[in-house]
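This is the feature table in Swiss-Prot:
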{"type": "COMPBIAS", "residues": "676-685", "note": "compositional bias 'Acidic residues'"}
{"type": "MOD_RES", "residues": "K127", "note": "N6-acetyllysine"}
{"type": "REGION", "residues": "663-685", "note": "region 'Disordered'"}
{"type": "REPEAT", "residues": "150-184", "note": "repeat 'PPR 1'"}
{"type": "REPEAT", "residues": "185-220", "note": "repeat 'PPR 2'"}
{"type": "REPEAT", "residues": "254-288", "note": "repeat 'PPR 3'"}
{"type": "REPEAT", "residues": "289-329", "note": "repeat 'PPR 4'"}
{"type": "REPEAT", "residues": "330-366", "note": "repeat 'PPR 5'"}
{"type": "REPEAT", "residues": "367-407", "note": "repeat 'PPR 6'"}
{"type": "REPEAT", "residues": "412-446", "note": "repeat 'PPR 7'"}
{"type": "REPEAT", "residues": "454-488", "note": "repeat 'PPR 8'"}
{"type": "REPEAT", "residues": "489-523", "note": "repeat 'PPR 9'"}
{"type": "REPEAT", "residues": "572-606", "note": "repeat 'PPR 10'"}
{"type": "TRANSIT", "residues": "1-10", "note": "transit peptide"}
Amino acid sequence: MAAAAVAARRLSFRSGLVLLQTTRGTGVCEPKVCCRFYAGTESLPKVEGSDITGIEEIVIPKKKTWDKVAVLQALASTVNRDPTAAPYVFHDDPYLIPTSALESRSFLLAKKSGETAAKFIINSYPKYFQKDIAEPHIPCLMPEYFEPQIEDVSEAALEERIRLRKVRASVDMFDQLLQAGTTVSLETTNSLLDLLCYYGDQEPPADYPFQQTEHLENLEEAAEENNQTSKMESGPWKAQNNAERIFALMPEKNARSYCTMIRGMVKHRAYAQALNVYTELLNNRLSADVYTFNALIEAKTFILNEKFEEKWNDILDLLKHMVAQKVKPNLQTFNTILKGLRKCYSLGRIPALQILREMKHIGIEPSLATYHHIIHLFYPRDLSAIKMPSLIIYDIMNELEGRTFSPQDLDDGRFFQLAMSVCSSLRDLELAYQVHRLLNTGDNRKLVGHDPLRKVYYSKFFSLICSLEQIDVTLKWYKDLIPSVFLPHYQIFIGLLQALDVANRLELVPQIWKDSKEYSHTFRDALREEVLMLMARDKHPPELQVAFADCAADIKSTYEDQSARQPAFDWPANPLQYIAVLFLRGGRSQEAWKMLELFKKHKKIPRNELLEEFMDTAKASGSTALAIEVVKLASAFSLPIGESLAQRVVMDFTVDPEQKEALGNLTELNSSDGESSSDSDSDDK
């Protein structure tokens with residue numbers, strides 16, 4: 001009975017799956033069958049021997065295959081970027097976080113050098129690194145085998161050497177097979193041509209500078225043998241190289257053979273030879289693929305001594321050939337044309353727009369590189385020479401608003417840098433914000449380009465903010481971008497200081513100077529002078545003057561350090577002036593008076609305003625001796641203000657007869673020097 005009851009509760013489905021339906025009832029002997037397929041109805045009583053009708057089919061959903069790092073991606077999406085943290089590529093250690101572009105490059109090279117050394121050890125001793133501890137599997141962490149395992153002369157040995165990218169060994173094995181009378185298959189010969197054309201009949205660059213000694217020695221011997229020949233050739237594609245020799249020896253050639261040769265010649269700048277091979281392909285009534293046509297278009301655009309009309313007609317002829325051979329263009333086809341039109345400057349603008357319309361007409365979505373080439377055509381580097389710049393960038397940004405992109409072209413990473421440079425030239429902050437919003441949409445941030453392009457982008461963006469944005473917003477961007485996103489150049493700090501000056505927020509100048517020191521801009525003369533000028537230009541409340549004096553003392557120490565390291569170092573006149581003024585206003589009178597000695601030592605002439613400041617300080621302290629020293633300094637430099645300073649000493653200070661006589665002598669000496677200088681000037685006339 002129990003078995004029959006269980007069997008009755010089994011329900012069959014069309015999908016082939018049999019599910020055991022569980023029941024719950026009030027008693028053990030009288031289970032109640034619950035049917036959930038009709039909402040709002042009572043449970044149907046169990047009737048033995050009768051079929052259950054009206055049961056809805058259950059569709060089992062298909063199993064979804066998740067990415068192996070889906071959990072990590074989900075966790076990463078819940079965390080925002082920390083603006084106070086160092087870039088992830090560097091070690092989170094105070095001594096290993098770079099403070100300048102030079103240190104950043106050095107640290108990255110050191111890190112890459114360590115990775116390369118580790119990989120060299122793993123590949124040199126693979127038997128010690130057989131355990132795979134990574135989950136999921138990471139192929140690059142496991143040893144790679146570079147040495148061929150097949151020793152005999154066979155086509156399999158040739159295929160192995162091709163797979164290992166052994167250019168010279170592959171050519172030697174091919175020659176041995178021909179000498180033995182063995183016919184190499186067309187597929188293997190084409191693979192050998194792929195290898196030779198890709199590397200230009202040269203050995204691939206060594207992954208490790210301290211590896212493959214024999215390979216380097218062979219390269220040196222080859223360089224000595226071909227030294228005279230290489231001087232006569234303009235490009236790296238050598239005439240009658242192994243690729244051309246093997247191509248000529250092939251008893252049978254197919255379209256792949258010709259296409260490989262064409263792409264290899266274009267890659268290594270043998271444009272005329274590539275066009276000749278294409279003519280041979282047409283004579284043999286073969287068709288090229290889209291990648292070969294892309295290479296041919298590139299060859300047409302790089303041929304010298306041709307006018308725009310000739311180049312454009314040649315490109316149109318190639319497009320007609322594609323139609324005749326039923327080859328559908330791809331994104332790279334149009335991007336190659338647009339990149340070639342950049343060499344035509346303003347003449348290429350109308351054809352570029354025609355190309356863009358044609359792309360959209362046949363359903364090819366433009367990439368960031370497409371718009372990069374168009375912006376490059378319409379906005380030259382010097383926009384100041386153009387009275388009415390084009391407005392096409394506004395149309396482009398409106399079209400790209402809110403879209404996400406994936407890398408499809410090598411020039412995709414150049415779009416954001418060029419777009420932000422145009423925003424900077426147009427002085428349009430709203431457009432810059434629009435470009436930055438696009439950068440932060442989805443994963444577009446990954447397409448900002450390599451480190452130099454990324455630095456140019458953020459430098460242009462932040463400089464534009466400093467010039468046109470309110471100071472509170474500027475400071476917010478400053479904290480958000482520096483140093484977590486990019487390391488600022490000293491000109492970035494100068495722009496920020498000028499923004500503080502416009503907003504009358506000079507109390508932040510000492511903090512900006514402190515930050516600039518952290519980024520290795522301590523000895524930048526333009527930055528130091530800008531900081532001192534802003535602090536010394538106007539008078540401020542006493543507590544702020546004290547902070548300015550402390551900052552001036554810090555800057556003075558940098559000049560002293562520079563003077564100690566460079567014996568021939570000469571103090572500039574303006575910093576001496578500014579530091580002395582700041583010391584006087586900040587209550588550091590003794591240090592200010594010592595600055596006068598530096599004027600004499602470095603033969604710099606103080607300004608009249610500085611001498612007046614010293615006289616005011618002497619009057620405030622009631623020191624007649626200090627006032628006379630100021631007059632002596634003016635007299636030593638034969639300054640016209642010396643006489644008025646002497647009169648001020650007599651009027652504002654208590655002067656004894658001896659001091660009064662000294663002042664008179666200084667005045668007479670100063671006047672006689674002035675007369676002699678005027679006489680010499682009249683004699684010269």
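Just so you know, glycine gets a Cβ as well, placed from its N, Cα and C.
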Summarise the repeat 'PPR 8' (454-488) by DSSP state, stating how many residues are helix, strand and coil.
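The counts are 26 helix, 0 strand, 9 coil.
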Tell me, how many other CB atoms lie within 10 A of the CB of the residue listed as 'N6-acetyllysine', whichever protein chain they belong to?
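The answer is 6 other Cβ atoms.
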Provide the three-state secondary structure of the residue listed as 'N6-acetyllysine' computed with DSSP.
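Reduced to three states, the DSSP call for the residue listed as 'N6-acetyllysine' is helix.
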Which residue counts does DSSP yield for the repeat 'PPR 5' (330-366) in the helix, strand and coil classes, in that order?
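Split by secondary structure, the repeat 'PPR 5' (330-366) comes out as 31 helix, 0 strand, 6 coil.
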With DSSP, how much of the repeat 'PPR 6' (367-407) is helix, how much strand and how much coil, in residues?
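Looking at the repeat 'PPR 6' (367-407) with DSSP, the answer is 23 helix, 0 strand, 18 coil.
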What mean pLDDT score does the repeat 'PPR 5' (330-366) have in the model?
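For the repeat 'PPR 5' (330-366), the model's average pLDDT rounds to 93.
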